[in-house]
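Only one structure is covered here, and it is reproduced in the block below.
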Amino acid sequence: MKFESILDETNGFGRYQIALVLLLFIPRIAIPCHFLMNNFIAAIPSHHCNISSLSSEGIFGNLSQDERLTVSIPVQNDGTPDSCHMFSYPQFHLLSNSSSPSEVAVVQCQNGWEYDNSTFISTLATQFDLVCEKRGLARASATIFFVGVMAGTVFFGVLCDKYGRRSMLLVSYVSSIVFSVVSAFSSTYIMFAAFRFLTGFALTGIINISVVLSIEWVDTKHRTLIGVFGSISWSLGNMLLAGFAYLVTDWRMLIITVTSPLLLATAIWWWIPESARWLIANGKVETAYKYLQKCATFNERRDFTSRVKPEALSTVTTVDHHVHSYTYLDLFKTPQMRRLTLFTGIVWYGVASTYYGISFNITGFGLGLYLTHFIYAAIEVPAKILIYFSLNKVGRRITQTATLVLTGVCILINIITPIEYWTFRTVITVLGKGLSEASFTTVFLYTTELYPTVMRQNGLGYASFMARLGASISPLIMLLEDMWTLLPEVIFCTLAIFSGLIAWLLPETNNARLQETIEDIEQMRRLECKQTDYLCSTS
């Protein structure tokens with residue numbers, strides 16, 4: 001007997017499932033805020049050397065502020081004050097002759113920097129002076145965060161399959177709140193980096209568990225709807241981030257603001273059920289039956305207890321965890337699981353790398369910082385609506401391949417388009433952003449369906465690990481523009497197209513029942529081999 005049959009008896013898509021998705025919607029709003037917050041908290045405003053000490057010494061006399069800058073700081077090619085250097089001594093002759101002789105000695109800033117506070121009251125760069133030779137540390141804070149997310153996928157992947165989804169979700173809620181608040185009150189960059197790492201580590205549980213819980217409680221034909229609707233929380237949170245950042249321009253308060261939804265999520269955690277699939281797979285039949293009864297009652301299926309007896313759950317495919325405790329190693333032990341693991345890892349790496357490569361580049365399009373971020377977020381909504389119909393009509397595999405390859409094509413168009421056509425380039429970039437988000441929406445649902453119940457959290461944890469590896473390296477890839485301006489775009493374009501082609505090698509899961517055990521995966525592949533000799537020869 002399959003779990004889908006029992007779930008149908010409770011009404012596999014009723015008020016119970018809708019309530020669950022809404023309960024998990026709230027904490028998921030905070031996720032994109034944390035993941036993309038670096039665009040704002042690590043922003044580097046205009047700055048120049050601090051010359052206030054010279055003013056206190058009376059050297060400038062009655063000179064205006066602009067005149068003091070003229071005699072103290074050299075100008076760059078664009079006419080703005082140099083950000084990292086100052087004259088070794090005031091050049092008063094520049095007041096009458098604006099040209100600065102090349103032989104005038106300059107030195108690095110001696111007394112810190114003065115920052116333009118018109119956009120941001122405070123950022124990491126202004127708080128910890130992450131400018132000039134320390135400029136890379138501001139961008140590195142995003143990498144540190146994603147390394148934490150990467151580590152968290154391993155931790156939560158193992159423990160969620162061992163101890164259940166619900167209990168580990170609470171652990172993720174509480175630890176995310178604590179680490180976020182502590183990071184907001186960091187007194188040094190090292191302290192901030194450490195707790196930002198831990199914040200990323202803790203948030204991972206919310207991402208993976210909320211997706212798995214939603215999918216495991218809904219029937220087969222509504223999985224796409226639930227998967228796409230749940231991902232709307234990312235787009236909504238992403239749009240809200242632009243508003244939060246516009247209104248809250250202090251980096252400490254912005255972190256606390258975007259973390260606040262998790263307080264509400266913790267308060268309503270008590271209403272979230274454990275996965276009945278997981279309970280049955282782990283031999284906890286009585287507890288699973290109680291949750292299924294609640295589901296049936298909530299969905300007004302009052303004849304559930306007469307139609308399904310507790311003993312019926314014992315006939316559902318189960319796993320004796322006393323004999324075998326599943327770990328990440330089981331992803332590689334059997335041929336078809338190994339094949340699945342390799343391909344999903346490549347796809348997730350490509351999806352995340354290109355998505356964040358586009359998302360972290362929100363300057364240079366002739367639009368404001370906040371407006372660009374909002375447009376990038378808003379384009380995701382129609383993309384997800386279209387992807388819902390695509391997933392149902394053409395399936396997961398074609399959708400995953402098409403969105404990734406087309407993302408790569410958009411990046412390629414921008415590579416060959418001259419910079420002066422900035423309007424056209426902006427349109428293509430926004431289109432590429434929408435496609436990259438569509439590929440992310442697809443891969444979450446697709447991966448959840450590909451892995452069996454006993455390995456689903458481990459499988460999603462591994463895939464998420466690969467995604468965060470791609471995300472953590474993306475900010476560093478962008479630093480390669482100092483070697484060749486187009487090099488980061490060439491890398492992201494190649495990754496998108498290559499991972500899209502790899503996605504074509506994955507099996508289709510549209511309208512298929514979820515696999516329960518590793519043996520189900522192996523048998524499914526053997527059935528495919530009987531139908532196509534080529535598949536057998538390439539396995």
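Cβ coordinates come from backbone N, Cα and C, glycine included.
Predicted automatically and left uncurated, TrEMBL annotations should be read as such.
Summarising the annotation, TrEMBL assigns transmembrane segment to 12-31, 137-158, 170-192, 198-218, 225-247, 253-272, 340-358, 370-391, 403-424, 486-506. Positions annotated as domain 'Major facilitator superfamily (MFS) profile' by TrEMBL: 89-511.
Most Cβ pairs under 8 A with the transmembrane segment (253-272) among the ranges 170-192, 198-218, 340-358 are made by 170-192. For the transmembrane segment (137-158), same-chain residues at least 6 beyond its ends with a Cβ under 8 Å from one of its own Cβ atoms are 34-35, 38, 41-42, 44, 123-125, 128, 130, 168, 172, 189, 192-193, 196-205, 208-209, 327-328, 360, 457-462, 464-465, 468-469, 471-473, 475-476, 478-479. Of the recorded ranges 170-192, 198-218, 340-358, 370-391, 486-506, the transmembrane segment (225-247) has the largest number of C-beta contacts under 8 angstroms with 370-391. Contact between the transmembrane segment (340-358) and the transmembrane segment (486-506) is supported: at least 3 Cβ pairs lie under 8 Å, counting only residues 6 or more apart in sequence.
Distant neighbours of the transmembrane segment (486-506): 340, 343-344, 346-347, 349-351, 353-354, 357-358, 396-397, 400-405, 407-409, 411-412, 414-415, 436, 439, 446, 450, 470, 474, 477-478, 480; these residues of the same chain sit at least 6 beyond its ends, with a Cβ under 8 Å from one of its Cβ atoms.
For the domain 'Major facilitator superfamily (MFS) profile' (89-511), the model's average pLDDT works out to 87.
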